[in-house]
């Protein structure tokens with residue numbers, strides 16, 4: 001494999017020096033930008049990062065053997081990282097969207113046969129091959145938008161058989177697609193219809209059967225619970241998260257999206273790596289998250305699509321909570337694969353600056369899925385995941401919103417996207 005030399009970026013956004021801990025407060029604005037910067041890559045790993053003239057001198061005797069990509073006038077960043085998606089699912093729910101546009105409530109949509117249970121039904125009924133192909137098409141779109149690592153949750157199976165099916169497809173995608181997938185078990189996404197009259201029995205099923213089997217098969221690293229009134233209580237969530245910890249699965253939690261319900265506090269209590277959504281998190285919950293180093297994964301695309309007020313990122317950042325951004329890609333509340341659009345929305349609706357949004361979609365996102373030692377920044381020893389954006393500075397990635405500026409995507413030192421085409 002020839003060395004790869006990415007040269008002369010007008011802005012090289014490195015985010016170097018932040019692998020040990022996520023960025024917080026004013027440190028989220030320190031992007032480590034190198035003007036006229038270059039990256040030398042060997043065997044899929046970053047060897048050197050710095051000003052172009054410095055690297056040209058250092059590798060002068062090897063320039064002839066290297067593959068060279070000239071990024072003059074463009075912006076190079078780490079590969080973007082999406083730490084909260086529901087990647088593997090079947091079907092579409094645009095009919096619910098039109099109902100919502102006409103004023104239908106969540107419960108009205110549920111009673112009409114929609115919501116999570118509609119996707120659960122479609123996902124259960126889909127063949128493994130059909131589910132793989134549909135999810136692969138979505139993953140291709142993530143890659144085209146500059147995303148090189150994705151967290152993927154289960155949660156549309158809601159039975160042992162079908163949760164395993166989702167996680168096995170996520171593993172197959174990880175093994176066959178350039179995008180790295182980090183899997184999360186979300187058997188506690190909702191109470192399935194067959195258990196609606198005995199939700200505690202479903203909780204027992206998750207604890208006694210699903211979690212041990214997922215762990216035994218090595219199909220997930222994380223265990224997530226949707227902790228909201230009418231779904232799972234804090235006590236039920238605590239029991240499932242502690243059971244996951246006992247089986248080696250690190251806790252995550254869908255927290256305080258609809259009302260202050262103690263999800264942020266619970267995340268700190270159980271040592272969760274992240275608490276996600278947080279639109280209605282209490283001041284005390286935010287304080288405990290900051291004290292415990294729990295990452296707040298914010299999902300502005302979801303609030304945008306649901307036409308509701310977004311989480312207050314400024315409140316979390318100023319309190320010292322490390323913040324990451326994610327698409328929440330799912331068919332009901334955030335049908336998007338564009339993390340750059342989410343970054344724009346974070347600036348427009350959450351009070352974040354472009355610098356903070358960039359940090360939140362790279363190194364802090366890597367921390368939120370336990371991958372900061374491998375990806376999320378451009379520095380020697382890390383995996384060579386880079387994106388070349390056809391803009392002169394990183395702010396324009398978000399400023400020209402709704403436009404895919406990702407021109408070239410490099411994954412593990414290989415060009416996997418160029419001029420709008422995926423090469424696998």
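Placement of Cβ uses the backbone N, Cα and C atoms for every residue, glycine included.
Swiss-Prot names 84, 86, 254 for binding Zn(2+). Of 180, 318, 328, the residue it gives for the same site is 328. Binding site for N-formimidoyl-L-glutamate per Swiss-Prot: 330, 332, plus 156 from the candidate set 156, 202. Binding of 4-imidazolone-5-propanoate is attributed by Swiss-Prot to 93, 156, 257, 333, and within the candidate set 174, 177, 189, 367 the record adds 189 to that site. Look at the Cβ of each of the binding-site residues 86, 93 and count the other Cβ atoms within 10 Å; the largest number goes with 86.
DSSP classifies residue 254 (Fe(3+) binding site) as strand under the three-state reduction. Looking at residue 84 (Fe(3+) binding site) and residue 330 (N-formimidoyl-L-glutamate binding site), their Cα atoms lie 10 Å from each other. Highlighted in sequence order, 86, 89, 93, 116, 119, 155, 331, 333 have their Cβ within 8 Å of the centre of the Cβ atoms of 156, 330, 332, the residues recorded for N-formimidoyl-L-glutamate, and are not part of that set. Candidates 93, 156, 257, 330, 333 (binding-site residues) were compared with residue 86 (Fe(3+) binding site); those inside 10 Å Cα-Cα are 156, 330.
Comparing residue 330 (N-formimidoyl-L-glutamate binding site) with residue 189 (4-imidazolone-5-propanoate binding site), their Cα atoms are 13 Å apart once rounded. For the binding-site residues 84, 189, the largest tally of other C-beta atoms within 10 A is found at 84.
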